[in-house]
Each structure stands twice: as C-alpha cells, then as structure tokens.
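First the structure, in the form of structure tokens, and then the observations on it.
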Amino acid sequence: MAVEKVMVIGAGQMGAGIAQVFAQSGFQVKLNDIAEESLQKGLATIEKHLSRNVEKGRMDEADKTNTLNNLETTTSLNEANDCDLVIEAVVENMDVKTKVFQQLDQITPKHAILASNTSSLPITDIAAVTERPEQVIGMHFMNPVPVMKLVEVIRAIQTSDETYQTIAETAEKLNKTAVEVNDYPGFAANRVLMPMINEAVYAVFEGVAEPEAIDEVMKLGMNHPMGPLQLADFIGLDTCLYIMEVLHEGFGDSKYRPCPLLRKYVNAGWLGKKSGRGFYVYE
Ligand SMILES: CC(=O)CC(=O)SCCNC(=O)CCNC(=O)[C@H](O)C(C)(C)COP(=O)(O)OP(=O)(O)OC[C@H]1O[C@@H](n2cnc3c(N)ncnc32)[C@H](O)[C@@H]1OP(=O)(O)O
Ligand SMILES: NC(=O)C1=CN([C@@H]2O[C@H](COP(=O)(O)OP(=O)(O)OC[C@H]3O[C@@H](n4cnc5c(N)ncnc54)[C@H](OP(=O)(O)O)[C@@H]3O)[C@@H](O)[C@H]2O)C=CC1
C-alpha cells in the first residue's frame, strides 16, 4: 500500500518531530491535538527547526515552504477520515491511547494503518481494542526525531506482514532505518536503555557520585553523547518511571524495580527539562 496522507496525534515533543519529518519527506500531514495551544506550540517548534536547517544549508527556502505547505493542524480527530496512516503520540497512558485507537478505528478508511509511538505499552493490547488488529503496529521514533536515525518497528502478535512491510518502507522514505522487534515489555530500545538510566539514579541515591560526575563518566568513558541523567531529564522523568514500571510489572522481576529517588522526583513534579527541574535545573 502506498502511504500519502498521514495524521499525527499529539503535538508534544515527539508528535511535532514526527509531523516535521513526514512533511519534509513529501507526505500530506495533519497534526492533531486536543488543545489548539499545543498545536501552535508544536508548529512553532517545527518552524524553528526548519529555519535552523535553512541557516545551516541543509535545505533551501523552497524546501521549507514546501514542508510547511504539506502540514496542517486540526483539533478534530474526524479529519483522519481520508488518511492512509495514523501515528499516535499522545501521553503514555493506556486508557487515553485505547480510547484514541477505538475512535480511529471508526473514523479512518478500512485500509488505514494505525501506529503507536508508545515507549513501552503493549501493542498487542492496543491492537485488540480495534476491529483491524492486523493493521496495528508500533512505530517508535527516538528523541529528537529529526536527528535520530532509528525507528523501532514493533510487531504485535496480530500484525500482518503487509502492515510491517508498509511501515518499514515508509520509515525508509523518511530517511530513517527501521529495526524489527517483537512486542515484549520495553521492546528492545527501552529494555536496554532504561535499566541503565535507573541504575544511574540508584548511584545518585546511594551517594556513589553527583549527577554531573556520573554523566561525565559515561560521556568521557563510554562516548555517550549525553550522560544517563541528562538523557533522563531530556526524555522526561515521568516517562522514564512509567517505562520502569512497565518492565517491572511485565517481567515480574525485581531487577527492574524503579529507584525510589526517581519516583520521589516525579511526585515532586521534577519531570526534567520540560518542567524546568530534574537532575539538573533549567531556566
Ligand atoms: C524514551 C524512548 O522511548 C526512546 C528515546 O527516544 S530514548 C532517547 C534517544 N535519544 C538519545 O539518546 C539522544 C542522545 N543525545 C544526542 O544524540 C545528542 O546529545 C543530541 C543529538 C540530542 C544533541 O547533540 P549535541 O551535539 O549534544 O548538541 P547540539 O550541537 O545542540 O545538536 C546537534 C544537532 O542536533 C540538532 N538538534 C538538537 N536537538 C534537537 C531537537 N530537539 N530537534 C531537532 N534538532 C535538534 C541541532 O540542531 C544540532 O544540529 P546543528 O547544530 O547542525 O543545527
Ligand atoms: N519523550 C521521549 O523521549 C519519547 C516519548 N515517546 C512516547 O511518545 C508519546 C508522547 O510523548 P511526548 O511527546 O514526550 O509527550 P508530550 O507530553 O510532550 O506530548 C503529548 C501531547 O499529546 C497531547 N494529548 C494528550 N491526550 C491527547 C488526545 N486524546 N488527543 C490528542 N492529543 C492528546 C498532549 O496535549 P496536552 O499537553 O494538552 O495534554 C500533548 O500535547 C508517549 O507515548 C511517549 O512514551 C517515544 C519516544 C521517546
């Protein structure tokens, strides 16, 4: 199936980036959010990144104009009624996501593929609330979306080969690399990444070293572009905690228990960069 029209749901840090890369690659994109304010914020972020690309000579003014012309915003989910593909990037909450998928199942054309950008929620369970489970799949972009090459493509137990093939080809058109994984807690990316971040939080909790020192060790010693605590702040500490809880519950193994300090920060509203404070303070 050829994908031409796409809806991205949720204009937060991931949704805006996903909408940008689709529009840049020539797809017709509708960016949806419940709040008009979030749409305007998302659009402003996209415009800023496109202008930066022009300044850096990575695209010219005509490419920027074409990208913006490929993009429209809407608060109405009903506008997904002519889309070939929908990518959901709303908050990491199963109730919210299943409600969105049930509505999309009613609204979108029969051939449409429904994808989720979830970091950790089971695609199999999301697929099961629709009447087209074989056309439901995980399309997990990495943050920041315009920069990172990976799309982790997660097959639910019900996902058809045809759906997987379409999504892998679409990822290629975005100039990304698709990696196929099966639907188990945390998939592959967060199964490996999050325990490392959680362990770094334990090291702070136990007084092994200050956050700056732990990040410096991983940057200079292991060539990571960001230390694990800076990365946790960048992802969002609420998202990190949520993923650890999914791993802990999903495997029933105490090795995935979230660090109490991570939970305390989230309860305090210290969610990282997006709230102005996490392991570091942001202005
Ligand atoms: C939680 C999940 O489910 C899955 C996940 O996403 S896990 C998180 C995965 N992501 C990572 O691990 C990111 C690790 N960090 C990095 O790779 C890098 O630090 C980084 C690419 C984010 C920034 O790179 P840097 O060299 O430290 O900083 P900086 O020089 O400011 O940025 C490099 C380029 O990226 C671009 N960039 C940075 N942040 C950006 C953003 N949010 N959106 C778009 N472009 C961005 C910058 O424009 C810059 O390019 P130019 O200077 O040429 O314009
Ligand atoms: N942060 C990261 O590094 C990564 C996150 N992800 C995943 O991507 C998804 C989004 O995360 P992120 O972008 O960080 O979150 P954000 O909180 O930045 O964005 C979520 C957006 O979705 C909107 N929203 C909430 N409910 C609905 C709804 N029913 N319909 C339409 N829009 C809605 C929110 O609006 P409002 O603010 O008005 O409530 C907000 O604008 C999550 O599933 C997350 O796990 C995946 C990879 C990396």
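Note: Cβ is positioned from N, Cα and C throughout, glycine not excepted.
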Looking at TrEMBL, Gly10, Ala11, Gly12, Gln13, Met14, Gly15, Glu92, Lys97, Ser119, Asn143, Lys274 are annotated for NAD(+). Which of Asp33, Asp82, Asp161 sits in that same site?
Asp33
Using DSSP with the three-state reduction, classify Lys97 (NAD(+) binding site) as helix, strand or coil.
helix
Going by a 10 angstroms cut-off between Cβ atoms, which of the binding-site residues Gly10, Gly12 has the sparsest surroundings?
Gly12
Do you know which of the binding-site residues Met14, Lys97, Asn143 end up with C-beta under 6 Å from ligand 1?
Asn143
Per DSSP, three-state class assigned to His140 (site 'Important for catalytic activity'):
strand
Roughly where does the domain '3-hydroxyacyl-CoA dehydrogenase NAD binding' (5-183) sit in mean pLDDT, to the nearest integer?
97
